[in-house]
Amino acid sequence: MSVMVARKKVVRKWEKLPGRNTFCCDGRIMMARQKGIFYLTLFLILGTCALFFAFECRYLAVQLSPAIPVFAAVLFLFAMATLLRTSFSDPGVIPRALPDEAAFIEMEIEATNGTVPQGQRPPPRIKNFQINNQIVKLKYCYTCKIFRPPRASHCSICDNCVERFDHHCPWVGNCVGKRNYRYFYLFILSLSLLTIYIFTFNIVYVALKSLKIGFLNTLKETPGTYPSTSLTVLTVLEVLICFFTLWSVVGLTGFHTFLVALNQTTNEDIKGSWTGKNRVQNPYSHGNIVKNCCEVLCGPLPPSVLDRRGILQQEESTAQEESCPRGPSAKEPTAAQGSAGQEESVTAVFSLQVPAPSLSNAEMPEEKQLMSGELPVPSQDAGQAEH
């Protein structure tokens, strides 16, 4: 006998989300697919800090203060925490329109614009929205089939519309948007302080060693004997990495500090959206640096609208071959097996029906005899006599 068993397969929503993203830990971690430069960022930070803690920190803690490695560790942990928070979180991806929603939007657009003659270019799909007495245009996304909210943009790398889109940063392996911009800013700020800190104390370390044994003798020292270190390879390598990183990271931090003070995004600054041309001013700026900083860095963080770990249930039917006993040994489930028989009948659908052996009226239970009409129903007078 062939048995069809219906099983429910639990599918998370992140498995069906469109776009070019990578999900890990059952949808808890969301990143872009291009993560090579992110691994390089981890390697540079971990490698430089490991060399600093292994060599210079021991000598500086003895010669100057034990607080030097402690403060360096605090900066390192804070920078790593904000980096991972930026890289592993949802930047503010806007869900794409469902087929019914997309069809309804298309009907609205056709009703507004009318039928376009063949050969003519259709008008741009734009809606005007007013913010602080300033007209803001909402553009239609042909990929997501939605009118993007204000300050949102479509990332060509992740193939998603991101709310308050700033830019796609390959160094963190993710887009930077409304939900992770503050962590991105804190990351580059703490990384700038950490780079300056390591670079400064590398110079101090070389200066202290040079005062004791001379600069040339310091460079000739070999590793293996505390407090001597291999400055010719390790310390010089740290100094070079910090020197070249210093200009880019500190410059990036200064640029984003300027944007935060004006309540602008990198995307708006590159496009020149609020440059003052045609009397167009930034409607999102409060006209106060403190208020702008508080809104961008300390404002309420909106929850993710993706519901990545939501459940989509799908039923799968699997066929199983089972032997069906025939003959006198095949009996219907008894009263003791009634509950088990009912549970099996719920989960199994028989594609081949085997007729059950017929029972006589004597063997038939009273419930079935009542249904079949074989058992006489007691009359009303008999019921009154019993009472």
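Using the three backbone atoms N, Cα and C, a Cβ is placed for every residue, glycine included.
All annotation found in TrEMBL is predicted automatically rather than curated by experts.
Here the structure is a predicted model, which means the values were calculated and not measured.
Annotation comment: TrEMBL describes 336-350 as compositional bias 'Polar residues'.
The feature domain 'Palmitoyltransferase DHHC' is assigned by TrEMBL to 137-271.
Annotation source TrEMBL lists region 'Disordered' at 315-387.
Taken from TrEMBL, the feature transmembrane segment covers 37-55 (among others).
Marked as transmembrane segment by TrEMBL: 67-84 (among others). Sequence-distant contacts of the transmembrane segment (67-84) (same chain, six or more residues past either end, CB-CB distance under 8 Å): 41-42, 45, 49, 52-53, 57-58, 60-61, 172, 183-184, 186-187, 190-191, 193-194, 197-198, 201.
The transmembrane segment feature in TrEMBL is assigned to 183-208 (among others).
The transmembrane segment annotation in TrEMBL covers 228-250 (among others).
Beyond the ends of the transmembrane segment (183-208), by six or more residues, the same chain brings 45, 48-49, 52, 56, 59-60, 63-64, 68, 71-72, 75-76, 78-79, 82-83, 85-86, 89, 166, 169, 172, 176, 215, 218, 231, 235, 238-239, 242-243, 245-246, 249-250, 252-253, 256-257, 260, 296-297 to within a C-beta distance below 8 angstroms of the stretch. Remark: secondary structure over the domain 'Palmitoyltransferase DHHC' (137-271) totals 76 helix, 19 strand, 40 coil, with classes taken from DSSP.
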